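Structure, as structure tokens:
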Amino acid sequence: MGKTKGKGHPKAKGGGPRAPAARITPQQLYEQAQLALQYDDFDSARTALRKAVKLDPKSIECVDALGALLAEVGPEEEAVEVLKQAVLLSPDVGYEKYLYLGQLLESPEDALAATRKGVQVLQAQHAAAQAASSEEVPALSRALSGALCSLSEMLIAGAQERAVAAAAERGCDAAAIEVASKEAVASVAEEAEHLLSLASTADPDSPEPGQALAALRYQQGRASDALEALRRSMSLWYTPTNKDEEGEEGEGGMATAKGGQDEAMEDAEEDSDDDSEEEEDGPSYEFRIESAKLLLELEDTTATAIDVLEGLIEEDDRVPDAWHLLALAYYSGHQYAEAAEVLAKGQALLAKLGAGPEDEITQEFADLESAIKEAIAVTSAGAAQ
């Protein structure tokens, strides 16, 4: 009787055991993440970098990249954890992780310390690049200028917050709290000005140091100096809108603000197809919003603020703050009909964006609407007499 053939043991094909599947490396995962980021696929990039860091927790390149991505797209708690890991791996190389921590850490003291360290690391990297005549110098100069401005602003804000909190805890009234805030600004003004001077030296073409100095001068109660600093800053980017012989706006201006309500609001529901893929020169939208705010505080006329805000709305009419500020500018210039028209368009935008009656921005629009209506009523009554 022959032997029974064994069951469950099929003969291997190919004459031998199969080779184990090749394992993906942290570097390959890092490259996958960089490719995903080119297509704004943040989820895939985050997943790839998490896997890379899990495979090699000591890879500075992967940990830095994951920390930076998490700081941009979240979650913030994980971002802080990964960025702190990056600090432990490379405390004196790579300034970005410190600047991100400066934005994310809850403790003002810790955030300020992180930003200081980031500036120190960036200054060393900038100096080394200059010594080597590196092509990275221009980009590092811009980064250093911005970081120095951020540090100056954090220094001032932190001093104010501590002083106001202490005064409130002592039961001080509003006037005493205001005095405490001004004293706090005075206590750090010298260091803040020094940081802004360094920022201006690092990048003389940046308007940011000048605008930050204007804000500081305004807080110090030096309005004329503040306006002078703001005008110097704006000279680096602002060109007044041309007007025709009849005084009407040329390109830009109220072409958008005075357009139909539906036309002005149509982009609130979808992204504009005209957004440039390349970063444009000049200050950001948010920076110019702050410029307009300072103009409204400092200039006797509202013409320049209106011009800046009209340009912003033409660029992107989906920002409620821009509409509110433009209406406020018209109101401050006693152009009440224009203010009411602009405000109505801003309120239509709020409705499309789903803002509720309890939202702060909705309340701000409502307060301005009441002020405009009152001014129109007073003006009408005066004309009737």
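Note that Cβ sites are derived from N, Cα and C of the backbone, with glycine treated the same way.
Keep in mind that TrEMBL annotations are predicted by a computer and have not been checked by a curator.
Database features, via TrEMBL:
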COMPBIAS  1-12  compositional bias 'Basic residues'
COMPBIAS  263-283  compositional bias 'Acidic residues'
REGION    1-24  region 'Disordered'
REGION    238-285  region 'Disordered'
REPEAT    26-59  repeat 'TPR'
REPEAT    60-93  repeat 'TPR'
### Sequence-remote partners of the repeat 'TPR' (26-59) [C-beta within less than 8 Å, at least six residues beyond its ends]
65-66, 69-70, 72-73, 82, 85, 89
### Summary
Taking DSSP H, G, I as helix and E, B as strand, the repeat 'TPR' (60-93) contains 28 helix, 0 strand, 6 coil
### Query
By DSSP, how many residues in the repeat 'TPR' (26-59) are helix, how many strand, and how many coil?
27 helix, 0 strand, 7 coil
